[in-house]
Structure formats: C-alpha cells, structure tokens
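TrEMBL lists 13-211 with the feature domain 'Glucosamine/galactosamine-6-phosphate isomerase'. If you look up TrEMBL, you'll see 67, 138 marked as active site, proton acceptor. According to TrEMBL, the active site, for ring-opening step annotation covers 136, 143.
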Ligand code: GLP
C-alpha cells in the first residue's frame, strides 16, 4: 500500500484528483469506479475545474458507482445518483449512457443486483476505483459482517451508518435502511484503487483497516491484499500511524 500524506482536505482532494486526471489523460476511454460521501466532493470540484479549463475530457469515460440507496429515485435529492449528478456528471461532458449506478427503484433485490453485475461485466473491468471509508471500515456499503460478499448485493445498513448519513436527511426516519452495493470482489478486481481519507475521526479506522488484521469485521482491511492501492490522507487521518 502506498500512502500519500496531504496537509488537509483541500490538499488531499487535489492530490487524488491529480491521480484521477492522469488516468483519464493516459486512457481517455477508461472506466472509473466512483464513490459518494463527503470525502470525494473536493476531488469532483477539482476535476470540474480542470475540465472547465480544457485540461480534461470526459467524453469517452465510463463511470460505475459503488452504491445506491434502495427505494430512492434518481431525482430524489438524497439519492446517490442526484449527488453524483450535482457534484460531477452535470458539470462535465460525460455521456449520460456511460454513467452507471444501481437502480434504487428496483424493488426486486435479486434483479437489481443481477442487472448491476451484468453492467459491470459489460464494462470489462474498472481501471481506477475511488473509495472513501466509513467510520466502521465500510467501503461502498459493504458493512462489517462475517464474510466478504463478492458481488452486488442488497445490504441492511449498520446503525452507525444510518446515524452517520443522517446529516444528509431532515430526520433519521428518512434515511433508507437498505442499499444496493457492489461487492468486495468487484472492488478488488479494479486495476488501481485510490482511497481518500480526511479528518481526525477517521484516524482510528485508518489504523485498524490498513495496519490491523484482515477481517470482514473491517471490510476495508481486504485492501491490504490488493497490489495497487494508494491511500491519500490528510495529517489528521494519519495521526495514529507512523509512516
Ligand atoms: C457512505 C458511502 C461510502 C463512503 C462512506 C464515507 O455511506 N456509502 O461510499 O465512502 O460512507 O463517507 P464520508 O466520506 O462522508 O465519511
């Protein structure tokens, strides 16, 4: 695992955006695995800025997002589709038909997951997967458990995740209790993985996930087995480890 130390959130965002922009420049028709949450917002802002300057072209890029809340439609302001559209897709020249997220409105979980697995397969592999990490070590919405789930599945969100994500909703009751998420195998099959982590409240999980035992109880710990992982983290997030 490679660690890149950033001074703060802005610096982390620029450094990670540099890696993603290099990927797009080196392979204009690349497949990017994208993430939601607060961690990647600065990256998306930076990529948009470079696009506006004419330095980046998304016209051949394909994106596969990690997850979507079950029961939320694309135009629901809390959906991950809406988040991605607002932060990135509507602001760059990516083709709508090259944007993929699980279908939150599909009630039949098996169908929703099978459909998404088929989409992922048809894209023939993710070149670069961007990840954030939850306080409990989740990646995508792969919550702590007894196993690593390989493919897209419907997950019951952990209570701590529902509480953490409450900030995006008016009341905790509005936070969906389930989501569709790509599996760990899909994440691990990406050629390259970039993890962004910021803030002191993530320092403990950084230590546990990347320096502790590999266990499904801390899903991100599996990343220790991938041969091309770059963790871009700010000083606060790295405060409990020595590099
Ligand atoms: C969310 C998302 C994850 C994200 C994580 C951390 O629930 N499903 O993809 O990485 O939680 O979010 P944040 O970056 O806001 O801490």
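Cβ from N, Cα, C; glycine included.
The 6 Å Cβ screen around ligand 1 retains 67 from the active-site residues 67, 136, 143, ordered by sequence position. Neighbours of residue 138 (active site, proton acceptor), defined as other CB atoms within 10 A of its CB across all chains, total 26. When the Cα atoms are compared, residue 136 (active site, for ring-opening step) and residue 143 (active site, for ring-opening step) turn out to be 8 Å apart. Per-residue pLDDT, averaged along the domain 'Glucosamine/galactosamine-6-phosphate isomerase' (13-211), amounts to 97 for this model. Listed in sequence order, 36, 80, 101, 102, 140, 141, 179, 180, 181, 182 are the same-chain residues at least 6 apart in sequence whose CB falls under 8 Å from the CB of residue 67 (active site, proton acceptor). The number of other Cβ atoms within 10 Å of the Cβ belonging to residue 136 (active site, for ring-opening step), over all protein chains shown, comes to 19.
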